[in-house]
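Take a look at the structure set out below.
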Amino acid sequence: MSPAVADEAPRWSIAIHGGAGTMSPERMDAETRAAYEAALQAALDAGAQVLADGGSAIDAVTAAIMLMEDDPKFNSGRGAVYTWDGVNEHDASIMDGRTRDAGASTGTRNVRHPILLARAVMEDSPHVFLSREGAEQFAAEQGLELVDPSWFGTEARKRALERYKEAQMKAGDTSQLAIDTKFGTVGAVARDKDGSMAAGTSTGGMTGKRWGRIGDSPMIGAGTYADNRACAVSATGWGEYFIRVGVAAEICARMRMKGESAQVAADAVIAEMGEMGGNGGVIVAGTNGDLAFAFDTAGMYRGRADSTGRNAVAIFASEVD
């Protein structure tokens, strides 16, 4: 990791996450840790390069998330978790802080890059939120890349579903297992040189989810929010609680109405959600280019970069980032 090299306000900034959870240094060997750090670095650098070249926040967010959607280490796109019925379903959302235009999709099974579908909904449809077969039909009409549903599956995710089902059937203490099934979402937030902001989030949802369950990731205001007057937020965690609190919009509201910093607002809202019983984390970008992480789990895959030279990735709560 490299520290920031200047105290000046950044002209542009970006933060990414690859999910929060119960990971700890003791449970992760050096090879696995290095692989995750490399994947985070690649996604961070992809988004940062867009901004360094004068590109928009929305393009930077898209670029970073697309890389993570193709990496099976993350619960998004390829490598998404399995539902109870043994299929991979994908949710995504994106929001442009300049106009507060937004797009989202849920329950798709054959769209390679759900974040591109969410962006197409925002830019090329009169709607904000599309679901399942209708979303897939729209993706096909827009010429987005479609793949066989089997492309998304991995043996590691199949084993995770088997463990989850076994634990459920035994009716024992599945509290720790349940926590581990709720995380792995990916996301990015950015502010570009023109001061415009954007946020995006993409996920495979919760291991073993049933009955068409939808979490916070595709919900504007819960898992994703961006407003040039305040901030950009992407969330990861126990979606039901993020929905109930309206985490992403609540953070932006505190920053805009109360004048709180990104870190203060993020910490306060994550604490509020935790008091209700939820877990997870957020990444936040502020109007002055500041970036914040807040999470109440043992770790969160994350990274940040800006025009001052800061460029760092981290995994565990104990790491200074």
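Every residue, even glycine, has its Cβ placed from backbone N, Cα and C.
According to TrEMBL, the features are:
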ACT_SITE  THR185  active site, nucleophile
BINDING   ARG213, ILE214, GLY215, ASP216, THR236, GLY237, TRP238, GLY239  substrate binding site
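TrEMBL feature annotations superimposed on the structure.
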residue : record                   : DSSP class
THR185  : active site, nucleophile : coil
ARG213  : substrate binding site   : coil
THR236  : substrate binding site   : strand
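The candidate set comprises the binding-site residues GLY215, GLY237. Of these, GLY237 has the most other Cβ atoms within 10 Å. Farthest C-alpha pair in the substrate-binding residues ARG213, ILE214, GLY215, ASP216, THR236, GLY237, TRP238, GLY239: 16 Å apart. For GLY237 (substrate binding site) paired with THR185 (active site, nucleophile), the C-alpha to C-alpha distance reads 8 Å. Cα spacing between GLY215 (substrate binding site) and the residue listed as 'active site, nucleophile': 11 Å, rounded to the nearest whole number. The number of other Cβ atoms within 10 Å of the Cβ belonging to GLY239 (substrate binding site), over all protein chains shown, comes to 28. On the backbone, the CA of GLY239 (substrate binding site) and the CA of the residue listed as 'active site, nucleophile' stand 10 Å apart. A Cα-Cα distance of 13 Å separates THR185 (active site, nucleophile) from ILE214 (substrate binding site).
Counting other Cβ atoms within 10 Å of each Cβ, the binding-site residues ARG213, TRP238 show the lowest value at ARG213.
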